[in-house]
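Enquirer: Before I ask anything, let me first share the structure, which is written out below as structure tokens.
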């Protein structure tokens, strides 16, 4: 019971952080920082890496990661594990509300560098605003769950460290790609991370 209360408290802390950060975004506090980071990142990441980074847009799509969460629940063979979809979907409801009510247009088209010919249907859902980043939300949500499962597994510590290292690397590339491809501002990514972390820690109640 104490452990569940702890995870609820951690989840609530991230949710409060998300709410405070959202208020600052709504007040345009980070506009200059967002622009400067995007310009510098695109200046330092050659266009030749865009195809590789664009693949992360597909990997982080709702269809792929929702399917992965469903697969995790199947493999754990516990009915309660399927309840992980509740905080996952709930976080997306908050995301859509944020994009509907927080006026925060995404980067101008001149920054857009996604260059693959394929998009999942969820990519066509556009509200006109880019805050928070759904890809960041989903990636952090799934990664925190994987971190929990890795630490709870019976694998030896060196292997756990290796897997966690891959997880950190994956998150780093995913989050950077959101900005380098001109799909989101840095503040969108931070907001997605906070919201995803809040939902993920709440989902620990069902693992």
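Every residue gets a Cβ built from N, Cα and C, even glycine.
Features from TrEMBL:
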type	residues	note
TRANSMEM	5-25	transmembrane segment
TRANSMEM	52-75	transmembrane segment
DOMAIN	79-204	domain 'Phosphatidic acid phosphatase type 2/haloperoxidase'
TRANSMEM	82-102	transmembrane segment
TRANSMEM	135-151	transmembrane segment
TRANSMEM	158-177	transmembrane segment
TRANSMEM	189-206	transmembrane segment
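In terms of burial and nearby residues, how do these features look in this structure?
Expert: Long-range neighbours of the transmembrane segment (5-25) within the same chain, counting only residues 6 or more positions beyond its ends whose Cβ lies under 8 Å from a Cβ of the stretch, are 98, 102, 104, 131-132, 187, 190-191, 194-195, 197-199, 201-202, 204-205.
Counting residues of the domain 'Phosphatidic acid phosphatase type 2/haloperoxidase' (79-204) by DSSP class, helix then strand then coil, yields 92 helix, 0 strand, 34 coil.
Below 8 angstroms of C-beta separation, residues 22, 25-26, 62, 66, 69-70, 72-73, 127-132, 134, 137-138, 141, 145, 191-192, 195-196, 198-200, 202-203, 205-207 of the same chain, each at least six residues beyond the ends of the transmembrane segment (82-102), sit close to that stretch.
The list of residues near the transmembrane segment (135-151) in space but at least 6 beyond its ends in sequence, with Cβ under 8 angstroms from a Cβ of it, reads 56-57, 60-62, 65-66, 68-69, 72, 84, 87-88, 91-92, 95, 160, 163-164, 167, 170-171, 174-175, 178, 183-184, 188-193, 195-197, 199-201, 203-204, 207.
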